[in-house]
Amino acid sequence: MSHSVKIYDTCIGCTHCVRACPTDVLEMIPWDGCKAKQIASAPRTEDCVGCKRCESACPTDFLSVRVYLGPETTRSMALSY
């Protein structure tokens, strides 16, 4: 799948998204831009299945982590309707 996972600087370093990901796409890395001194990172996007559990787990109302589904997923979702 070709999904894109973007982490934004509104991340508060809580690790909820990392713990919610069933395919271990996300990890925390050091970052001085927030109180927790860490930010989510997505080094393994090729393993993303597009479930968006990371988005649902994010306490910043989906403003910090976003999953953009690839074209093949969008097409298959349209066929299921």
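Keep in mind that glycine also has a Cβ here, set from the backbone N, Cα and C atoms.
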Exercise for the section: Name the residue, out of Cys14, Cys21, that Swiss-Prot lists for the same [4Fe-4S] cluster 2 site as Cys48, Cys51, Cys54, please. Expected result: Cys21
Problem - Long-range environment of the domain '4Fe-4S ferredoxin-type 1' (2-31) - Cβ separation under 8 angstroms, sequence gap at least 6 - result: 37-45, 47-51, 53-60, 63-73
Practice task
Excluding Cys11, Cys14, Cys17, Cys58, please set out which residues of the same chain place their CB within 8 Å of the center of the CB atoms of the [4Fe-4S] cluster 1 site, keeping sequence order.
Solution key: Ile12, Gly13, Thr15, His16, Val18, Ala40, Cys54, Ala57, Pro59, Thr60, Ser64, Val65
Handout entry: Cα-nearest neighbour of Cys58 ([4Fe-4S] cluster 1 binding site) within the listed binding-site residues, Cys21, Cys48, Cys51
Key = Cys21
Problem - Env. residues of [4Fe-4S] cluster 2 site, Cβ within 8 Å of mean position of Cys21, Cys48, Cys51, Cys54 Cβ - result: Val5, Cys17, Ala20, Pro22, Thr23, Val25, Leu26, Val49, Gly50, Lys52, Arg53, Val67
